[in-house]
Amino acid sequence: MPFCLLDVDKDIPEREQHIYIKDSKEPKGHCKQRCNTNTIPGSMTERGCAFAGVKGVITGAIKDVLHVVHSPVGCTAYGNGTTKRYPTRPEMPDGSVFPVENFNLKHIVGTDLTESDVVFGGMNKLKKVIREASKEFPFVNAIYVYATCTTGLIGDDLDAVCKEMQAELGKDVVAFNAPGFAGPTQSKGHHVGNYTIFENLVGTKEPPKTTDYDINLIGEYNIDGDYWVLEKYFEDMGINVLSKFTGDATHGELCWMHKAKLSLVRCQRSATYVAKLIEEKYGVPYLKVDFFGPEYCAENLRAVGKYFGKEIEAEAVIQKEMEKIQPELDFYQSKLQGKKIWISAGGPKSWHLSKPIEQYLGMDVVALSGLFEHEDGYEKMQERAKDGTIIIDDPNTLEMEEVVEKYQPEIVLGGIKEKYFFHKLGVPSVMIHSYENGPYIGFGGFVNMARDIFTAIYNPAWKLMGFGEGEPGDSNE
């Protein structure tokens, strides 16, 4: 069997089923990698919680809602760590302008629960905070309220409070019941967010106008401007993005997703749920799409073009974009050919990016890992990896150090929590969750990512510190 127990895991042998070495001789689907389970005690995980999954991923990118976190101050602060991850524009679907640009990045409200609130209950405090927040920000179109571990344990009824406040305030007040302990990873929060939005919002409003070429772009969160790249491609093809779920989206867009002609699911781990629900109830079909890397981007633009009879327009976009990026792609391939890379993403990016990085940059993908991926995602990683690649579910800190020692990656695509850990080991790291200098999606986005990888590897600082092969001046070529 191709499962592997790393040396550091001798005292937690259960980890063996979470670590897989690709072997093409094994029958396809024969080895089911263990995943989406509670982290084993003693394993220093890098995972986020269910609350992070709903607020930090699903709803954090919406431009015109106010977020109220029912928690002690720590969870509220944690819930506001979106930084540049989800930029928004003030323009609204009806032509009006939202009064605060990047409102979602600037404001969050918490109930600041204390010991007394835990003992006697915090529902009255929550009502008071919602009323005060509504007066402070009267222009928001909805208020989203979040449970956390503390309020989940004491049993505060967020649904009842939100129902009462919605009637009082005359705007949608929606409860998201995903306290941190609700699931093994942030993936549970994705699930709760999808179902809450579908059950409470989808089908409750009508769009200002519709066309025969309307799509929902689902699971696209506009990380560092990703959505705006795809929006331009679709615009050039004559296709209208009616609703986003949820990058640069408005509350209203979530309410009229049922009016689209087709849904495209970009992040297949966090948002396939709502696409399935919309198809089942409203008959809107969906396609799973991948826009990372030139080949996948072209392939999926063609699929969308074929669905709407826009094949010629799709080919024109592909040709124009490839002509733009080819010279830079050739340069970065010449500099990155053969260099070892570890892709350590939360979920789908680990399998989205492995083949394009090998195909267009000539890099050697030696390791793949995920923090909250499910079985179908690991099957895709296994399918796209070459023999000998190590694939890890929920890697802990000691495992990461051992993988660096044994597989010698020259760069890691990972998250902010791991970035400086790898730096201490002398390995450059580029953030793949919120990006360094994005966007990373689409044709030009792939070049942006290649540039950041190149700059990180050839940064002269590594040579000055006695690590790597950075050469002064190389990063400025």
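Glycine is treated like the rest: Cβ placed from N, Cα and C.
C75 is the residue from C4, C75, C255 that Swiss-Prot records in the [8Fe-7S] cluster site together with C49, C149. With C267 ([7Fe-Mo-9S-C-homocitryl] cluster binding site) as the anchor, the candidate binding-site residues are C49, C75, C149, and the one with the nearest CA is C49. Taking the mean position of the Cβ atoms of C49, C75, C149 as the [8Fe-7S] cluster site, the remaining same-chain residues with a Cβ inside 8 Å of that point are A50, F51, A52, S71, Y78, T148, T150, P179, G180, F181. C149 ([8Fe-7S] cluster binding site) sits 25 Å from H433 ([7Fe-Mo-9S-C-homocitryl] cluster binding site), taking the Cα positions as reference.
Under 8 Å, Cβ to Cβ, and six or more positions away along its own chain, C49 ([8Fe-7S] cluster binding site) finds C149, G180, F181, T185, Q186, G189. In this structure, C149 is the one among the binding-site residues C75, C149, C267 with the smallest number of other Cβ atoms inside 10 Å of its Cβ. Reported as a whole number, the C-alpha separation between H433 ([7Fe-Mo-9S-C-homocitryl] cluster binding site) and C75 ([8Fe-7S] cluster binding site) equals 20 Å.
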